[in-house]
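A short write-up of the structure that comes next.
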């Protein structure tokens, strides 16, 4: 079955765990099936999925599990680190499974410049046999995706999309101007309406873990430029509630609070205890559901 990867909404999915830190496969399948029901693409093993806290064997097990479900929505897998050989090994494994596309983040921690970034991304794109979405998230990597990367690689056959999460609308506009054929996704839930105005065509979302149906409608209206000031306030509140402490703590806490996963357990260094007050999530949940009921 051919899968269309140009889904307007991908959910950066959490990885549910039991209290001992082992993966809760039953809860994981339920989350995946929920996303499938609402026709959301799924991103597994991104930062929201705590990929860097899982060892290689666990990551492989996650990919096997998800791809064996034969979901009817596209499956994107995160690629990220600072050891190129390991990333290429990871891609090689994923390509033995039914993975549809990759999310490739700027190298972590090392802050490479334009030439170094270009070399890194070219090596990854050359290895990949699937479409790749580059990922600009300087709040996590310490460096922006260099514009020269897009100038040099925009015609690479495996470069498909860009996830933009710098918070800089003008930077997104420049990326779009440099590579107009690149599909741009907002990587920030609350900024989708603004990024849609400068060329974004979709969202890679954290909050759709919590509100998949409602977020799908929000994406549709944002891309149609139909979001009002009042609508914007609702979704900004929803975004704040899911990022009040380090992601994915709030999402896991809320999913567990609503019995959608068994526990709110995270892998070290993250602890659910960072979020003691659920008032922002409770308020946002009410706002989002009220908004949706009046659409």
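If you go along the chain as it appears here, the first residue is 1 and each next one adds 1.
Note that Cβ sites are derived from N, Cα and C of the backbone, with glycine treated the same way.
Worth saying up front: this structure is predicted, and the values here are computed from it rather than measured.
Within the same chain, residues at least 6 positions away in sequence whose Cβ sits under 8 Å from that of residue 135 (active site, proton donor/acceptor) are 80, 103, 104, 105, 106, 145, 162, 163, 165, 187. The active site, proton donor/acceptor feature in Swiss-Prot is assigned to 135; the stated evidence is sequence analysis.
Within 10 Å of the C-beta atom of residue 163 (active site, schiff-base intermediate with substrate) sit 28 other C-beta atoms, taking all shown protein chains into account. Taken from Swiss-Prot, the feature active site, schiff-base intermediate with substrate applies to 163, supported by sequence analysis.
Long-range Cβ contacts of residue 204 (pyruvate binding site) within its own chain (separation 6+, distance under 8 Å): 10, 11, 12, 43, 103, 133, 163, 185, 186, 187. According to DSSP, residue 204 (pyruvate binding site) is assigned to a strand segment. Under the heading pyruvate binding site, Swiss-Prot lists 48, 204.
All protein chains included, residue 47 (site 'Part of a proton relay during catalysis') registers 21 other Cβ atoms within 10 Å of its own Cβ. Summarising the annotation, Swiss-Prot assigns site 'Part of a proton relay during catalysis' to 47 (among others).
Swiss-Prot lists 109 (among others) with the feature site 'Part of a proton relay during catalysis', giving sequence analysis as the kind of evidence. Sequence-distant contacts of residue 109 (site 'Part of a proton relay during catalysis'), defined by Cβ-Cβ distance under 8 angstroms and a gap of at least six in the same chain, are 82, 141, 142.
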Is residue 47 (site 'Part of a proton relay during catalysis') helix, strand or coil when read with DSSP?
coil
Around the Cβ of residue 48 (pyruvate binding site), the count of other Cβ atoms that are within 10 Å:
23
